[in-house]
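The block underneath contains the structure these notes are about, expressed in structure tokens.
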Amino acid sequence: MAAEAVPEEVLLNNDLIKELVEVAKDTALLHGLLLRTKESPYSSEVVSYIPFTLFPTPVPRDLFQQALQVQTLFNQLVDKISRDSCFLEEALAGPIKVDMFTARLFQIYRTVQQEACAQSIALCLNRSDYMLDLRPDRNATLKQIEINTIAASFGGLASRTPDVHRCEGALKLSVHSKRVLDNNPAAGLASALAKAWELYGSVKAVVMFLVEDIQRNIFDHRCIENELWKRNIPVIRRRFSDVFKTGLLDQDKKLFVVEVCFCGSLCMQSWEVRLMMERSQAVKCPDIGTQLAGTKKVQQVLAQPGVLERFFPNEPEAVARIRATFAGLYTMDIGEEGDRTVAMALANPEKFVLKPQREGGGNNIYGEEICRVLQEKSERVAYILMDKVNPQPSRNYLLRHGSPVKLATCLSELGIFGAHIRQGTDVVWNQCAGHLLRTKSAEYADGGVAVGVAVLDNPFLV
Ligand code: ADP
Ligand code: MG
Ligand code: MG
């Protein structure tokens, strides 16, 4: 049985749905849930609403709380990993042999490790994503899909979705507006950025958002930018190519053009720019170690026996809480253990997901395709294997500019934002900054909002 936030008679009442869809779209526009259109991605002259669900989606209260409560531990874990060069080197040894992207990141990490560290403030804004795994013999459990330590988007717009779903509540549906939770990751993330700016200690410093050439999701960023402007902190937006042309370091490694940077982009057009920024006195978000800590390979290594204990040596309770969220994760390294993983995947490919060291959705491999890749490719160490998580489907209407509205069977993914600042060895900020629910039609195995598959949603606690 699928679980929905609204009763069957509402879900199937076409006239009512039509009316609600119109109200929902207007409310979304009214509250700034915006996206530039595919046709004019460079301009805000014509915009539309960001894809979203008509109704919120039920999420068990205890699992939601569990995800919130473990976030500060994940913040700490990422920070500890980012500083542990021996661990990163060992964990990523396989992927950096065959995956150029990870290899280049690692090269920059090594280069800056060998130099005197120009900045002792480390800022990390991350998002840990989960699905609720349902097995026949037990209640749903919280399973981490991945942690994003770079370009963790939708903190801005997720701050505005509750207003849309609450408005439908006002239409006397069974969605009680109070059960759609308050959520303000824009403020949570901006507070951490503001704190980092303050610690940097120069009124002349600006926060730079490093952005891609095509910025359809600009309104998501603007929410956070506005939160900073409200605190009188200046913000600029620059592309890699801009920094390449105009950025320079002075003798103190002060980065001109940029002083605090927020890497909202994954497409590294210029590795030179990345190295220059990494060497600079700017507070980076993320720094290169933090980015590497968020790789799929690190996630897999963390799930091996004894590894979490390395980072939390005297904290068995912390270890247990983090470990409870891990799905089965398996190495593809060359050797007996990797061979066992391959045999296991080939025997039951539908039970697993094969993941490369990539971000942004649409890169994973499923089902029979796993067999093909494993049989053809010699570069298996670039991947990790993960148990496929099976969330309970729910039915909802997905609203997307230009697409017909139809009832869809959907799967949801819960993200929790975290913010962490360390200055030298002192942790000065460690907070959970809000949540994000994304929902997609169950016919897609993979893919986020950016690639046009998932849409924004709200948890409705049950
Ligand atoms: P990316 O960094 O590209 O977002 P993810 O690990 O989040 O990589 O995978 C992309 C999408 O694939 C997820 O949003 C989810 O829908 C699906 N997915 C990933 N891992 C699993 C899994 N173990 N079980 C089920 N679905 C998964
Ligand atoms: Mg990711
Ligand atoms: Mg993801």
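Cβ atoms here come from the backbone N, Cα and C positions, even for glycine.
Site annotation (TrEMBL, ligand Mg(2+)) includes Glu146, Asn148; from Glu337, Glu350, Glu359, the additional listed residue is Glu359.
Asn363 (ATP binding site) sits 13 Å from Glu146 (Mg(2+) binding site), taking the Cα positions as reference.
If you average pLDDT over the domain 'Glutathione synthase substrate-binding' (269-293) in this model, you get 90. Look at Gln357 (ATP binding site): DSSP puts it in coil. Among the binding-site residues Glu146, Asn148, Glu359, the ones whose Cα sits within 10 Å of the Cα of Arg127 (substrate binding site) are Glu146, Asn148. Closest to Lys355 (ATP binding site) by Cα-Cα distance, out of the binding-site residues Glu146, Asn148, Arg438, is Glu146. Taking the mean position of the Cβ atoms of Glu146, Asn148, Glu359 as the Mg(2+) site, the remaining same-chain residues with a Cβ inside 8 Å of that point are Arg127, Asp129, Ile147, Thr149, Ile150, Ala151, Ala152, Gly294, Lys296, Gly360. Between the candidate binding-site residues, Gln357, Asn363, the densest Cβ environment within 10 Å is the one around Gln357.
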